[in-house]
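These features come from Swiss-Prot:
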{"type": "COMPBIAS", "residues": "511-528", "note": "compositional bias 'Basic and acidic residues'"}
{"type": "CROSSLNK", "residues": "Lys249", "note": "SUMO2 cross-link"}
{"type": "MOD_RES", "residues": "Ala2", "note": "N-acetylalanine"}
{"type": "REPEAT", "residues": "36-75", "note": "repeat 'WD 1'"}
{"type": "REPEAT", "residues": "78-117", "note": "repeat 'WD 2'"}
{"type": "REPEAT", "residues": "120-159", "note": "repeat 'WD 3'"}
{"type": "REPEAT", "residues": "162-202", "note": "repeat 'WD 4'"}
{"type": "REPEAT", "residues": "204-242", "note": "repeat 'WD 5'"}
{"type": "REPEAT", "residues": "246-285", "note": "repeat 'WD 6'"}
{"type": "REPEAT", "residues": "287-326", "note": "repeat 'WD 7'"}
Amino acid sequence: MAGYKPVVIQTYPVLGEKITQDTLYWNNYKTPVQIKEFGAVSKVDFSPQPPYNYAVTASSRIHIYGRYSQEPVKTFSRFKDTAYCATFRQDGQLLVAGSEDGVVQLFDISGRAPLRQFEGHTKAVHTVDFTADKYHVVSGADDYTVKLWDIPNSKEILTFKEHSDYVRCGCASKLNPDLFVTGSYDHTVKMFDARTNKNVLCVEHGQPVESVLLFPSGGLLVSAGGRYVKVWDMLKGGQLLVSLKNHHKTVTCLCLSSSGQRLLSGSLDRKVKIYSTTSYKVVHSFDYAASILSLALSHQDETVVVGMTNGILSVKHRKSEAKKESLPRRRRPAYRTFIKGKIYTKQRDDIVVTRPAKKHLEWYDRDLKSFRISKALDRVLEPNCVIKTPEVTVSIIKELNRRGVLANALAGRDEKEITRVLNFLIRNLSQPRFAPVLINAAEIIIDIYLPVIGQSSVVDKKFIVLQGLVEKEIDYQRELLETLGMMDMLFATMTRNGSAPVWEHVPAELPEEKTESPRQPSDTDKNS
């Protein structure tokens, strides 16, 4: 008796993900470390100087974390209400933050009590930053004002009242100590010059502005609000360079890579998009478990920190290069160990015995071998098999149809079992690689269960969905046939006209008397 031949699972080519340099670069991070904060993480900012600690603003506290620590190395909690936008100075020695009560506080990293308190805003301060000269602080608040403060004298220098709604974001120029940019819920982004009493540039974003970013060169400005990220050319008077719409929800934060070649944006849709600053196309993306409020990159992009609405801080560190450890040298086996048995000369009376390799059958093959056809079909309709390896399910259905027992395997099923079969058909019927097998299976199911249609509302809904899917597929086929007909007509026209293009009409030769030009009257005719 011949042995059982396992079912051949038909394999299909799978298009792999395109591997780029950005994919390799941004995937080279370890598993993220998650830290639970006391509230939503509204701001994350890295110190520009070693050891590159980062400040996390959440609830009424500011935590300073070491680059690789999971516990804060310092905490600032001298806030009466919610703290906002803790930002390091360029030398990493000072930290400035706003608060819900409108007070701007300046801290020394080595101390705990605030060095300075700037009081002048009447509502919550959501954005603060140091100017390029390190001696001034810019702040924007919900009282629609932007203020410039002097650190040594603890005094207010200028107040700009040109926004008509909350000022929620801003940044100072890294090159010019007199220039800074603010974004507001009045849909505008404005650039101010401390040497004047009004804005020197204003652009219309079109949505409430949640974040702004000024390139280190000062030539480009990025604004984020709504689902849009817009890039403006400041050297051309604020001309819109490109408008990006790659998020599904509001964009809340922006960040620039260390090299300045990649722009990162975080959104409430739980995604971080990475754009090329030359083509402004998405080159990579990260997915997170909750909506994103803040985002920061450390020096040389070694660490990515993301703050979320649920108070979770996600920290990812770049993988270190594997170092080859010098292992003790093993003693090599003697030469006779390798040639043992290879130089044996077969004798005439020797009998060679080969041990056949034992083949292990899959569970569905064991069921088919024992003629348990319904059990075999049930095994390949399990959720794990249906989702991960649908080609196995299709191959078993094809094998049952080849044996002529597919109708027997599908018959006699209850509501739950037939629903699983219909769900698989709905999921995969429109795929060209599975369609020939599944269409036949669908016809058999309809023939078997047609007399009992109407007895189960769940099964009836599945049949209605299957009917709609088939009708949609028929419409697609009709459109394809119409397209093929038009293409055949075009090809026929090209063949009939020879080398003439399709869009050129080559007229047939006309009789000679119709093509000659009218005779010009002679001088004799004119005189007569």
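For all residues, glycine too, the Cβ spot is worked out from N, Cα and C.
When DSSP labels each residue, the repeat 'WD 2' (78-117) comes out as 0 helix, 22 strand, 18 coil, counted as helix, strand and coil in that order. According to DSSP, Lys249 (SUMO2 cross-link) sits in a coil region rather than a helix or strand. Panel annotation: around the repeat 'WD 3' (120-159), residues 82, 84-85, 87, 89-91, 94, 96-104, 106, 165-178, 180, 182, 184, 192, 194, 197 of the same chain, lying at least six beyond its termini, place a Cβ under 8 Å from a Cβ of the stretch. Residue counts for the repeat 'WD 1' (36-75) under DSSP (helix as H, G, I; strand as E, B; rest coil) come to 0 helix, 21 strand, 19 coil. Of the candidate ranges 162-202, 204-242, 287-326, 287-326 has the most C-beta pairs within less than 8 angstroms of the repeat 'WD 1' (36-75). Sequence-distant neighbours of the repeat 'WD 6' (246-285) (same chain, 6+ residues past either end, Cβ-Cβ under 8 Å): 20, 22-23, 25-27, 210-213, 215-216, 222, 224-229, 231, 291-297, 299-301, 306, 309. The average pLDDT computed for the repeat 'WD 2' (78-117) is 93.
Taking DSSP states H, G and I as helix and E and B as strand, the repeat 'WD 5' (204-242) has 3 helix, 21 strand, 15 coil. Using DSSP to sort the residues of the repeat 'WD 3' (120-159) gives these counts of helix, strand and coil: 0 helix, 22 strand, 18 coil.
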